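Q: My questions all concern the structure below.
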Amino acid sequence: MTSNFSQPALQLCYENTNGSCIKTPYSPGPRVILYMVYGFGAVLAVCGNLLVVISVLHFKQLHSPANFLIASLASADFLVGISVMPFSMVRSIESCWYFGDAFCSLHSCCDVAFCYSSALHLCFISVDRYIAVTDPLVYPTKFTVSVSGICISISWILPLVYSSAVFYTGISAKGIESLVSALNCVGGCQVVVNQDWVLISFLLFFIPTVVMIILYSKIFLVAKQQAVKIETSVSGNRGESSSESHKARVAKRERKAAKTLGVTVVAFMVSWLPYTIDALVDAFMGFITPAYVYEICCWSAYYNSAMNPLIYAFFYPWFRKAIKLILSGKILKGHSSTTNLFSE
């Protein structure tokens, strides 16, 4: 970061305060660019995920266990965009925390909770898609609204309990008190946890990721087999073309849903892997990562919260139609909730 500016005197976050952190701001050009890039990510995360939530909750055709999971995932990403990214943006660019120690703890707690909540949501969505594709006949009875509600509850409660334990009990700093004290200064909001909790954090990312990889590998194998069977059945039974054609459309829709959510999972892993590896390496190598590398890894993870609505808009025609209805104000009309979003 220091390579981007040149100042004859040392700058502090709080000039007239003892123990202030050193300020290492960017020069005006890069500073403006970073505010635009980070700000765009926050706005996209807020607006895009809000559109997803409104779409699922308003249109009755989208009231399904799977879509409730997607809406809950969008809620987590929305909260990242509105309560985490704006303040992290200021901290990253100004290299100072101007919002007080109490809000630093709350901000860090929300950061971890909402991000890990996204990971658990994606894991449960993978389970949902696995059942839908591999056992479609019993899927409606296996993955019900109540089951979806349980998955959503777990996806929120576990991350909130974990993050509260990390930032409000002090147990994550045991054994590294001297390091925490050395890094402590006025105007700083740096999260430092011991190796045990870093390993726990890594497992919270690694285990859901492995589950998702295994399930989606099986999903695409089964989907490929189903596609071949349906194609063979349709070509060999012309007399039942209408029925078989309907089955083919249903199977195709399920495969497309699995593919879309598979892209979402890949985007999550690509976005979060650099940060997760960096955090693990830092904990065991004495925090050797340069500040600018850490910021790149951190914002790569944050930007994942803005990606999902773009993925839905690209792959889901119903979401594009819902966006048009919302932005045009047509959802305010009577009976708009019964609009057929799947019509061609």
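Glycine too: its Cβ is placed from the backbone N, Cα and C atoms.
Here the structure is a predicted model, which means the values were calculated and not measured.
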Q: Answer with yes or no whether Swiss-Prot records L183 and F220 within the same membrane-side topological domain.
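A: Domain labels do not match for L183 and F220 in Swiss-Prot.
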Q: Based on what Swiss-Prot records, which one of C13, C189, C297 is disulphide-bonded to C104?
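A: Swiss-Prot says the disulfide from C104 goes to C189.
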Q: According to Swiss-Prot, C185 takes part in a disulfide bond; indicate which of C21, C47 is its partner.
A: C21
Q: Mind tallying the topological domain 'Extracellular' (89-111) by DSSP state, helix then strand then coil?
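A: Helix (H, G, I), strand (E, B), coil: 17 helix, 0 strand, 6 coil.
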Q: Using Cβ-Cβ distances, find the residues under 8 Å from C185 (disulfide bond) that belong to the same chain and are at least 6 apart in sequence, listing them in sequence order.
A: C13, G19, S20, C21, I22
Q: For the topological domain 'Cytoplasmic' (304-344), give the DSSP counts of helix residues, strand residues and coil residues.
A: 29 helix, 0 strand, 12 coil
Q: Counting Cβ pairs under 8 Å that are 6 or more apart in sequence, does the total for the transmembrane segment (196-216) and the transmembrane segment (112-132) reach three or more?
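A: These two segments touch.
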Q: Are there three or more C-beta pairs under 8 angstroms joining the transmembrane segment (32-52) and the transmembrane segment (112-132), sequence spacing 6 or more?
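A: With fewer than 3 qualifying Cβ pairs, these stretches do not touch.
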Q: Round to a whole number and give the Cα-to-Cα distance in Å for the pair C104 (disulfide bond) and N18 (N-linked glycosylation site).
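A: Pair distance, Cα basis, whole Å: 19 Å.
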